[in-house]
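J.: Take this structure, written in structure tokens, and hold onto it; I'll ask about it next.
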């Protein structure tokens with residue numbers, strides 16, 4: 001423990017640490033002397049006793065005796081008592097008057113509030129804008145009249161009759177979708193469907209000498225398949241020359257992935 005320097009933990013004034021004689025900072029022992037309440041109380045007691053001593057000497061002196069006799073002749077004590085009594089009576093009378101006034105104000109009936117109607121100023125009338133009583137509004141010469149006609153929907157029975165009178169349609173009412181389209185048959189629905197094939201050429205077989213006759217083999221008829229649509233292949237309209245600038249322009253991404261690591265040594 002002796003090797004540890006505690007000066008870095010002490011309060012400082014600039015670069016100077018407060019240690020040793022400065023350990024009493026924040027206590028009652030301030031710089032310049034101790035602050036003691038007992039010394040203050042003893043000083044007040046000494047001051048009071050000194051005043052009492054001088055007052056007793058002045059009251060018992062000859063001048064004090066003459067002053068007392070003069071005050072007795074003028075009835076000073078009675079005047080002081082009368083003044084105090086009159087002051088107290090005046091204060092009591094003022095308070096009593098204030099209380100009586102408050103009580104009287106509360107007991108008095110409140111007068112009924114009279115509702116006064118506000119008189120509005122007369123409206124300013126523009127001549128010719130509003131027709132007076134007894135006058136009719138002039139009718140314009142070319143006044144348009146609108147006539148509306150309402151058409152009611154047919155009844156249920158009439159709608160059924162109109163629907164039965166219409167001939168059924170043999171064609172689709174909407175535009176067909178090619179993958180889902182089917183043939184719509186008309187009146188001749190029972191006629192069987194036939195597949196018309198082109199005539200096949202007759203095969204010609206050469207008869208070699210001394211050959212054995214070979215039985216004719218039936219040839220299967222080939223059915224024509226629908227033509228396959230060519231598949232569209234995307235091609236560049238303006239092919240650029242393959243250089244490093246076009247390669248950089250065609251690169252899409254966020255760039256080189258980098259990773260930062262902070263290490264403490």
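From the backbone N, Cα and C atoms, a Cβ is placed for every residue, glycine too.
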J.: Looking at 34-54, 76-96, which one does Swiss-Prot call region 'Amphipathic alpha-helix essential for membrane lytic activity'?
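T.: Comparing 34-54, 76-96 with Swiss-Prot, region 'Amphipathic alpha-helix essential for membrane lytic activity' matches 34-54.
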J.: Give the range, chosen from 240-243, 260-263, that Swiss-Prot lists as motif 'Nuclear localization signal'.
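T.: In Swiss-Prot, residues 260-263 carry the label motif 'Nuclear localization signal'.
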J.: Applying a 10 Å Cβ distance cut-off over all chains shown, what neighbour count does residue 148 (phosphothreonine) have?
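T.: Here the count is 4.
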